[in-house]
Structures are given as structure tokens and as C-alpha cells.
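Please read the structure below before turning to the comments.
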Amino acid sequence: MKISVIGTGYVGLVTGVCLSEVGHEITCLDIDSRKVERLNRSESPIYEPGLEDMMKKNIDAGRLDFTDSYETAMRGRDIVIIAVGTPQADDGSAELVYLNNACRSIAETMTNDMIVVTKSTVPVGTNEHVKNEIEKHHNGSYSVEVISNPEFLREGSAIHDTFNGDRIVVGGESEQAVEKVKSIFEPFGVPIIMTDLRSAEMIKYASNAFLATKISFINQLSNLCERIGANVESVAKGMGMDKRIGDKFLNAGVGYGGSCFPKDTSALSAIAQSVDYDLTIVDSVIATNEGQQRIIVDKIKKVFPDLENKRIAVLGLAFKPNTDDMRDAPSIKVVRELVDAGAEVYAYDPIASENARTYLPGATNYMDSVEEAIDGKDFAVIMTDWKEIKEYSPESYAKSLTNPVVFDGRNCYGLKEIENTGLEYHSIGRPTVYNK
Ligand SMILES: NC(=O)c1ccc[n+]([C@@H]2O[C@H](COP(=O)([O-])OP(=O)(O)OC[C@H]3O[C@@H](n4cnc5c(N)ncnc54)[C@H](O)[C@@H]3O)[C@@H](O)[C@H]2O)c1
Ligand SMILES: O=c1ccn([C@@H]2O[C@H](COP(=O)(O)OP(=O)(O)O[C@H]3O[C@H](CO)[C@@H](O)[C@H](O)[C@H]3O)[C@@H](O)[C@H]2O)c(=O)[nH]1
């Protein structure tokens with residue numbers, strides 16, 4: 001089928017590439033002409049394992065192309081997928097300006113009846129608004145059906161998730177449109193759930209809020225474990241063996257970040273407030289996470305009360321491994337606090353350093369390896385559990401750091417691994433290892 005995808009970010013580009021991989025003819029559109037130029041040179045503007053190779057393959061096969069022209073992208077298409085950003089607005093709700101602009105551009109350039117599929121995460125009721133907006137502005141007498149098709153991929157494993165997801169949600173009021181959209185996703189081999197528009201929109205927020213709740217729950221318990229002498233890793237393992245609880249998303253750490261959980265929990269809370277309902281669980285999850293994102297700073301200050309002129313290695317900057325995305329990364333808060341306290345920060349991330357420059361204080365120094373970052377520094381802080389960092393030998397810290405102290409915000413090492421390494425090791429929700 002001939003489909004256009006609007007917005008070539010993490011979601012739009014991955015969706016477009018994967019749909020072309022299963023044989024659809026895809027045009028991806030973005031208003032960012034520089035992005036489109038890079039894409040036309042077969043270069044992915046984002047780091048996502050496997051994406052660039054699959055993209056090149058489908059461009060060469062003639063099934064995938066890129067444009068910045070709505071006229072080109074709309075011509076003769078009967079399905080268009082919207083995947084533009086819906087970031088957090090100042091009042092905490094979802095900012096819909098990019099979506100509204102996309103609706104207007106679709107309306108002004110469509111040449112026939114269309115199904116408009118909203119993949120962006122949008123507040124409940126937005127798809128009805130999308131239909132109205134397009135019908136209000138379009139220049140012919142074409143009909144528009146809207147479908148809510150929220151996306152569940154994770155950054156860093158987006159291609160894998162697309163072909164191995166737990167479900168695809170297709171929500172709509174027109175049975176014919178629902179069936180047609182269902183048919184384009186069938187080749188992915190993922191179970192498809194069909195529902196109404198508002199429930200589909202809600203499934204997305206409910207899923208992210210529930211996962212965020214699991215993380216804030218285990219993070220609060222980790223803080224309690226530290227105070228009562230339990231080990232949160234064992235607690236999570238024991239809890240997770242109960243299939244009703246499940247063992248996923250119970251890793252304690254410096255809180256969740258990224259472009260989704262923080263903004264989507266906040267948007268869900270705003271949705272509830274808009275109908276005079278207090279979603280107290282979600283509000284508490286958000287507050288817990290805000291505290292947890294900087295909890296490592298409290299741990300550091302207990303050991304090093306004066307950070308003035310301390311030279312600190314910060315390992316990992318991205319909000320999680322296998323991505324270059326810095327949106328709402330816990331490292332942002334932590335590096336800012338360290339710099340504000342007078343410390344010099346020497347940061348290393350395998351992929352995200354370039355993006356990090358726009359988020360972190362100007363004084364941050366960017367290093368090219370773990371070795372370079374820790375060499376001669378006062379102590380080290382781990383913020384992202386990159387494989388490379390998890391596999392780095394604990395003994396090497398003890399040799400390179402002036403004070404052999406590591407603050408690990410992602411519990412990268414088992415406590416046994418640290419024994420007899422000469423390292424003082426502070427982690428999350430587990431006893432400190434002193435090795436004195
Ligand atoms: N990033 C994720 O892991 C993820 C996963 C699931 C759902 N989502 C949701 O998907 C949506 C997209 O997220 P993302 O991370 O891919 O965003 P992104 O910021 O990476 O990309 C959005 C793209 O849309 C383009 N754009 C903006 N306005 C446009 C317009 N009027 N016409 C055409 N292009 C336009 C931008 O230039 C940008 O390239 C959001 O609603 C997000 O919540 C994201
Ligand atoms: O046990 C855990 C699991 C995750 N995290 C943190 O939670 C954040 C989010 O992680 P993850 O969910 O893997 O990444 P995202 O790419 O943000 O994906 C989430 O957000 C997307 C956007 O809505 C959804 O599509 C995905 O289903 C959902 O997992 C990261 O900071 C992780 O470090 C933890 O602290 N502990």
C-alpha cells in the first residue's frame with residue numbers, strides 16, 4: 001500500500017522504514033529540510049541499532065523515499081500516518097502545535113479521501129479534533145476517517161520492538177478504516193487489538209504511567225531498603241518471580257527519563273485535572289521520580305560535602321543505554337548540580353555526547369573513553385548502564401581514581417564483583433561496599 005508518514009523522528013522514521021521493509025511504498029515527510037537532506041543521502045539522523053542498514057536496503061529497493069513537500073507526500077495517498085512530536089507544554093499538558101500544523105498542511109494538500117492515522121501520543125479526544133481540523137481546512141470535498149494507533153516502541157530497540165511488540169492498537173469509529181489500517185500492520189506478526197478512538201488514546205497513557213509507577217515504586221522501596229539494611233535487587237527478584245507482578249521494570253536507579261515517561265505522566269495528570277479528577281497515584285509517581293533523578297547527588301555530598309574544585313568523572317549521559325537521546329536524562333540534573341557546587345565534570349558517553357552539549361552546562365568536559373574520563377579524577381559517578389560501562393573492570397577504577405570511590409546510579413555491578421577491588425562502592429538500594 002502507498003502510505004506517507006509525517007515526521008521523521010524516532011517514531012516516524014522507524015515506522016516508515018519498517019513498513020517499507022514489509023513491502024509497503026513509503027514516503028516520509030519532515031519540515032526539517034536538513035534532516036530530509038541527510039535521509040536522502042541514506043544517513044539516519046538518529047542513533048538506533050539496525051535502522052540505517054534497513055533504511056538503505058529499502059531506499060535501494062525503491063520502496064522508501066523522503067521529502068519536505070506536503071504536495072509530494074499527499075499526492076494519491078489514501079493513508080497518512082502522523083508521528084510528529086507532542087512535547088510537554090509549560091502547564092504540563094501535551095503540546096499539540098506540531099500536530100495542528102500537520103493537520104492543516106494535510107488538509108491543504110490532500111487530493112482524495114483519506115485515512116489519517118495518529119501515531120503520536122495525544123490526549124484523549126485529540127483524534128476527534130484531528131478529524132475536525134482537517135475537515136475545516138481542506139480545499140475539496142474529500143472525506144477523512146481518523147484512526148488512533150499509539151506507538152509502544154522503546155528507543156534503542158525500536159526495530160526489534162516493531163517486529164516483536166506485545167500488541168498493536170488500532171482504535172477508530174469506522175469499521176472499514178479500522179480493518180484497512182489493521183491490514184497494513186498485519187505483516188509485522190504482532191497481535192492487533194481493535195478498539196474505539198478514546199480507549200486507544202488512553203491505552204498509551206495508561207501503559208506508560210503504569211510502567212513509570214513500577215519504577216517509582218521500586219525506587220521508593222530502594223530508599224527504604226537502604227535505611228533498613230535490605231538489598232533492593234533481591235527484593236525485586238523475589239517480587240518479580242510472582243507472575244502477577246512480573247520481573248520487568250523493577251530496576252532501581254536514578255529514576256526514569258527520556259522523551260516519554262516524564263511528559264506522558266504529566267500529560268495524563270493534566271488530562272485528569274481537565275475533568276476535575278486528581279490522579280493521585282500518577283502525581284505521586286512524578287514527584288517520586290523528580291526526587292530520585294538527583295538522589296545520587298545526596299549520596300555524593302554525604303561522602304564529599306565540599307565539591308568545590310573536585311574533578312568528577314560522569315559515566316553515561318543518555319537517559320538509558322543504546323540511544324543518543326538526552327531528553328529528560330537524569331544526568332542533566334546531576335551534572336548541573338555538580339557544576340553549580342563548584343565541581344569540574346569530565347563526562348563520557350559512547351553515543352550521546354554530541355546531543356548532550358545542548359543540555360549540559362557549558363563547562364562540562366567531554367571525554368573519549370571511560371579510561372580517559374576517570375584517569376586522575378577524584379571519584380566517578382555512573383549515570384547510564386551502557387554495556388561498555390557495565391563491562392568495565394571495577395579494579396581499574398581503584399587504579400585510576402585519586403579516591404577509589406564510585407557512585408553507581410544504575411547498579412551496574414553485583415556487590416560480590418566489588419569485593420576485594422579496593423573500591424568504595426555506593427549504589428542504589430543496596431549496602432555500600434567499603435573494601436577497607
Ligand atoms: N521516542 C519514542 O520512543 C516514542 C515512542 C512511542 C511514542 N512516541 C510518541 O511519538 C511522537 C513522536 O515522537 P518522536 O520521539 O519520534 O519525536 P521527534 O521529536 O524525534 O520527531 C518529531 C519529528 O516531527 C517533525 N515535525 C514537527 N512538526 C512537523 C510538521 N508539521 N510536519 C512534518 N514534520 C514535523 C520534526 O521536525 C521531527 O523530525 C510523540 O508523540 C511521542 O510521544 C515516542
Ligand atoms: O526497571 C527500569 C526500567 C526502566 N528504567 C528507566 O526508565 C526510562 C525509560 O526506559 P524505557 O521504557 O526502556 O525507554 P523508552 O524508550 O522511554 O520507552 C518507553 O516510552 C516509550 C514512549 O512512549 C514507549 O513507547 C515504550 O513502550 C516505553 O517503554 C529510562 O530512563 C530507564 O533507565 C528504570 O529506571 N528502571
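Just so you know, glycine gets a Cβ as well, placed from its N, Cα and C.
Features of the protein shown, as given by TrEMBL:
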BINDING   Asp30, Lys35, Thr86, Thr121, Glu155, Lys263, Arg327  NAD(+) binding site
BINDING   Phe152, Leu153, Arg154, Glu155, Lys204, Phe249, Leu250, Asn251, Ala252, Gly253, Gly257, Lys320  substrate binding site
ACT_SITE  Cys260  active site, nucleophile
DOMAIN    313-415  domain 'UDP-glucose/GDP-mannose dehydrogenase C-terminal'
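The 6 Å Cβ screen around ligand 1 retains Asp30, Glu155 from the binding-site residues Asp30, Glu155, Arg327, ordered by sequence position.
When the recorded positions Phe152, Arg154, Glu155, Lys204, Gly257, Cys260 are checked against ligand 2, Phe152, Arg154, Glu155, Gly257, Cys260 have a Cβ within less than 6 Å of one of its atoms.
Residue counts for the domain 'UDP-glucose/GDP-mannose dehydrogenase C-terminal' (313-415) under DSSP, split into helix (H, G, I), strand (E, B) and coil, are 32 helix, 18 strand, 53 coil. Annotation for Thr86 (NAD(+) binding site): spatial neighbours Ala94, Glu95, Leu96, Tyr98, Leu99, Ser120, Thr121, Val122, Lys263, Ala267, criterion Cβ-Cβ under 8 Å with sequence separation of six or more. Applying an 8 A CB threshold to same-chain residues 6+ apart, the list for Gly257 (substrate binding site) reads Gln293, Phe319, Lys320, Arg327, Asp328, Ala329, Pro330. Rounded to a whole value, the Cα-Cα separation of Glu155 (NAD(+) binding site) and the residue listed as 'active site, nucleophile' is 10 Å. Sparsest Cβ environment among the binding-site residues Lys35, Arg154, Lys204, Lys263, Arg327 (other Cβ atoms counted within 10 Å): Arg154. A sphere of 10 angstroms centred on the C-beta of Thr121 (NAD(+) binding site) encloses 22 other C-beta atoms.
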